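From TrEMBL, here are the annotated features:
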TRANSMEM  59-77  transmembrane segment
TRANSMEM  84-102  transmembrane segment
TRANSMEM  122-139  transmembrane segment
Amino acid sequence: MSIFGLIAAVIALDQWSKWLVKSSFNLYQSKPVIQDFFHLTYVTNDGMAFGLSLPGGKHVLLVMTLLLTGFIVGFLWKEKDGHSFVKYGLALILSGAIGNLIDRIIHGKVVDFMDFMIGDFHWYIFNVADSAVTIGMVLF
């Protein structure tokens, strides 16, 4: 798959999955997929990943995301002849950043829905874009 095809596919999957959750769930509604391990839970996040926030709130986060997206595009262009792991890692990071950026621009917040837990341990709820960024960081 080409770099641009991967970016387009991840953004499309991210936006489609968020639309599906928003159109099928009420906010904060949760449905178990695998009881006590994986649920689909509709929440929104106006901060960063893992519940982090920045001084200055949404506007600072939006500007930082736009700048970071531009930086990644430039770096991806610079590395166009580089190692595949670097290129595909950057493409995943970029597609995740764009997927969440679309939400922030249109809705002012991001839809999260993948909800994992093991016993009393409950991980942060996240989305396809967050997964793409995480996998991209591992590859990069």
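Each residue, glycine too, has its Cβ placed from N, Cα and C.
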By Cβ distance under 8 Å, which residues at least 6 away from the ends of the transmembrane segment (84-102) in the same chain are close to it?
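Counting only partners 6 or more residues beyond its ends, the transmembrane segment (84-102) has Cβ contacts under 8 Å with 3, 6-11, 14-15, 62, 65-66, 68-69, 72-73, 75-76, 110, 127-140.
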Are there residues at least 6 beyond the ends of the transmembrane segment (122-139) whose Cβ is under 8 Å from a Cβ of it, and what are they?
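Long-range Cβ neighbours of the transmembrane segment (122-139): 10, 13-14, 17-18, 41, 43, 45, 49-51, 85-86, 88-100, 110-116.
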Take the transmembrane segment (59-77) and find every residue of the same chain, 6 or more past its ends, with a Cβ under 8 Å from one of its Cβ atoms.
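3, 47-48, 53, 87, 90-91, 93-94, 97-98, 100-101, 104-105.
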